[in-house]
Amino acid sequence: MEPVQKLQIPYKSIRLSDGTEYQSYHTEGALSGKQPADYKNGIPAFRKEWIQKRFNHSNHSQMYFAKKGIITEEMRYAAFRENMEPEFVRSEIACGRAILPSNRNHPELEPMIIGKNFLVKINANIGNSTFSSSIEEEVEKLHWAIKWGADTVMDLSTGKNIHETREWILRNSPVPIGTVPIYQALEKVKGKTENLNIQIFLETLEEQAEQGVDYFTIHAGVLLRYIPLTTNRITGIVSRGGSILAKWCQAHHKENFLYTHFDEILKVMKKYGVSISLGDGLRPGSIADANDKAQFSELETLGELTQLAWKEDIQVMIEGPGHVPMNLIKENVDLQTKICQEAPFYTLGPIVTDIAPGYDHITSAIGAAMIGWYGTAMLCYVTPKEHLGLPNKEDVKQGVIAYKIAAHAADLAKGHPGAIDRDNLLSKARFEFRWEDQFSLSLDPETAKTFHDEMLPQDRMKTAHFCSMCGPHFCSMNLTQELRKFAQEKEIQES
């Protein structure tokens, strides 16, 4: 086994004033989340030698190697990041309970694993629209998202220069990149849904896979017979990909071509080692529509497609809702686990109430924490701009932070090894009034420090045994320390 130090596992070292050092899971890559001086230089091709060793294989999926009993360098790397044994990572990938997204043409990738027995991961969406954003802005959004902790990023560009934008996102990304290929396929037919066909879609898949995309969202579960089931919904079909395929099905009175040609899609996946994220094109777009027949009928089909992909050794994760009230969340996980035989669940939130536009990073983080606790492997973030507009940098940060909180809360509830260590260190620093250590251990040190310093900016206040909330005479922790000191002195005197 290759020594850990030679693998250069990307941890962030947090040194505390009491001499303690905490190693934090780190997603920022070689540039530590900073914007490159010139995005056209890209970042180092980290996996180049690993990929070359396996170049002659006909199947480049990590599941293919895992089923053969081979522990790849990527598996070993992901295992060390998780503090797990490499054999455990291999076995989880082999049985389909976890995926390691890693296109052979994305050598810049620092491998990570998605599965319910590992740390809960989060995805951030970026991408331009017809109204705004340049390539430079999207690369900047990428680095901004991973600076705050995004484990994967999806490029959902629908505007100009889709190919070139994706190319430079990939060349600058240390995290897996996902896309929804139907968007670019639609752009190729100038937005005319009825002109889509399997040839155009496969050409688009090949183009994106050749660039290095690590996972594709494929809405192959939107079947012709399911479309009428959405008629009485309040919000109908809210998935962009789902609505595109539904419109095509109705225009031609034919079955979804992604479903009927799924075997051809798998051939592209196998060639490049791309993972499939089976899209929930009929997910509920309002809590009134949650857990309805349309949603769960599609889920049954996704279970069928999962088996087809696994037969070809293709890695699969299943996308989920959406908008779901808290009392219906567990049913989603239980059904997905049963129908899709524990393939990793990847959910958008879910949003638990529809009354808070502008705050849906909060309404969804509540649902995300719950669904992560129940076993969801990856959470797709929601920003404050959800339902309102294209998110800017600050929106991306707020979304990522909200979801890092949700994911960590789920890890704590699941009892993931080591998850509580950071909480304990921060609590100890808080009780001992080590303010700088509190800032360093927080998910957002800049905001924590800013809030503290608003009222108490002086350097001497960095060691003060109070904050501006309670002042020097009403701090419960300071009073507790005095009580303990008094009790210890009394005990010494009596002994």
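Keep in mind that glycine also has a Cβ here, set from the backbone N, Cα and C atoms.
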> Which candidate from N117, N125, N128 does Swiss-Prot annotate alongside M154, Y183, H219, S239, R240, G241, D280, G281, L282, R283, E319, Y346 at the substrate binding site?
Replying inline: N125
> Can you tell me the three-state DSSP label for H323 (Zn(2+) binding site)?
Replying inline: strand
>> Could you check which of the binding-site residues H323, H387, C470, C475 is the closest Cα neighbour of N125 (substrate binding site)?
In response: H387
> Judged by the number of other CB atoms within 10 angstroms, which among Y183, Y346 is the least packed of the binding-site residues?
Replying inline: Y183
>> Please report the Cα separation of Y346 (substrate binding site) and H323 (Zn(2+) binding site) in Å, rounded to an integer.
In response: 14
> If you skip the near sequence neighbours and keep only those at least six away, which residues in the chain come within under 8 angstroms of G241 (substrate binding site), Cβ to Cβ?
Replying inline: V180, I182, Y183, T217, H219, V222, G279, G281
>> Sequence gap of 6 or more, Cβ distance under 8 Å: name the residues on the same chain that satisfy this around S239 (substrate binding site), in order along the sequence.
In response: H219, G279, D280, G281, L282, R283
